């Protein structure tokens, strides 16, 4: 896999540079607003470059493995397309949700659907006819959660690399070629992207990147349920999930709409804590995600999911209280 890793990395470097050059001419520009961490107009759409690098190189080396998962790859492609549309002219939430419905349906054609989530306190939890609906809920939830943490230079890419690296290990441990090659390919592409996106960023991945990444990680997470406890997967992809849950809980408790926008995400609070040092904030969150991912790898599939879920909820409560203390100290309105 070394040759394709290097080729994807190099091709991503070239294509992202091309996208950066032409983005302003075709309207792929991120204009800063009150919630932005940047102050100048910045090209976006780097996801176009790193997705195309993966799509071009990977079939040259692993055509048979990819051909066995045609529906899944088509699903990723659809999400990528709606991401481009959103970068260019802001696709409506309804349009994006319809695409996620169709894409999740395509995943089910490849057998990637969440039928059950294990045994909780001795009681098996299966979804039966609602399996596809729950899968859509999980996929849409995580895809948007990853999109929400794309708020600092290098953050979404760094967290995604850690998560993808963990899924690569899972694939390696269980001889799952598809998991390994897909994880490896996007890690290579994201490392190239970080050359341009590390603070101060000269281009953003845009929704063409964040939505695609969120969907790919969701795909890998569902596949990994064959080998891991459900809560283990929650830990492996913990940071986007915990951040989204915490901001939604805080908004609900303060009487605001749970989907309203603000500057109360984990990365906003920690960046202020680190004296507005973006790089230190991203490195800290990357290390925190790595700790969660390593924890997820240690959990045994034979363990009762109920006790594991308590462990995850305790992490949620601890993080909620810690961030709450920082918010009060910063006199931040959240």
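Cβ atoms here come from the backbone N, Cα and C positions, even for glycine.
Predicted automatically and left uncurated, TrEMBL annotations should be read as such.
So that you can see what the record holds, here are the features copied from TrEMBL:
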TRANSMEM  6-23  transmembrane segment
TRANSMEM  44-62  transmembrane segment
TRANSMEM  68-85  transmembrane segment
TRANSMEM  97-114  transmembrane segment
TRANSMEM  126-147  transmembrane segment
BINDING   147, 207  Mg(2+) binding site
TRANSMEM  154-172  transmembrane segment
TRANSMEM  178-196  transmembrane segment
TRANSMEM  203-222  transmembrane segment
TRANSMEM  228-249  transmembrane segment
TRANSMEM  281-300  transmembrane segment
TRANSMEM  306-327  transmembrane segment
According to DSSP, folded down to helix, strand and coil, what is residue 147 (Mg(2+) binding site)?
helix
Range from 68-85, 97-114, 126-147, 154-172, 306-327 with most C-beta pairs under 8 A to the transmembrane segment (281-300)
154-172
Do at least three CB pairs under 8 A connect the transmembrane segment (228-249) and the transmembrane segment (126-147), leaving out pairs fewer than 6 apart in sequence?
yes
By a simple count of other Cβ atoms within 10 Å, which of 147, 207, the binding-site residues in the record, is least packed?
147
Report yes or no: does the transmembrane segment (154-172) come within contact of the transmembrane segment (203-222), defined as 3 or more CB pairs under 8 Å with a sequence separation of 6 or more?
yes
Report, as numbers and ranges, which residues of the same chain sit near the transmembrane segment (306-327): CB under 8 Å and 6 or more residues beyond its ends.
119-122, 229, 231-232, 234-235, 238, 242, 245-246, 249-250, 264, 266, 269-270, 272-273, 292, 299, 334
Go through the chain and flag residues at least 6 beyond the ends of the transmembrane segment (228-249) whose CB is under 8 A from any CB in it; none is fine as an answer.
117-118, 141-142, 144-146, 148-149, 159, 163, 166-167, 170, 214, 217, 221, 258-259, 262, 264-267, 285, 288-289, 292-293, 295-297, 299-301, 303, 305, 308-309, 311-312, 315-316, 319-320, 323
Going by DSSP, give the three-state secondary structure for residue 207 (Mg(2+) binding site).
helix
Sequence-remote partners of the transmembrane segment (68-85) [C-beta within less than 8 Å, at least six residues beyond its ends]:
45, 47-48, 51, 55, 91, 95-96, 99-100, 102-104, 106-107, 109-110, 112, 143, 178, 206-212, 215-216, 219
Do any residues of this chain, six or more beyond the ends of the transmembrane segment (203-222), have a C-beta under 8 angstroms from a C-beta of it, and if so which?
16, 19-20, 23, 28, 30, 42-48, 50-51, 72, 75-76, 79-80, 82-84, 86-87, 96, 100, 103, 107, 112-114, 135, 138-139, 142-147, 150, 156-157, 160, 163-164, 167, 179, 182-183, 186, 190, 193, 196-197, 233, 236-237, 240
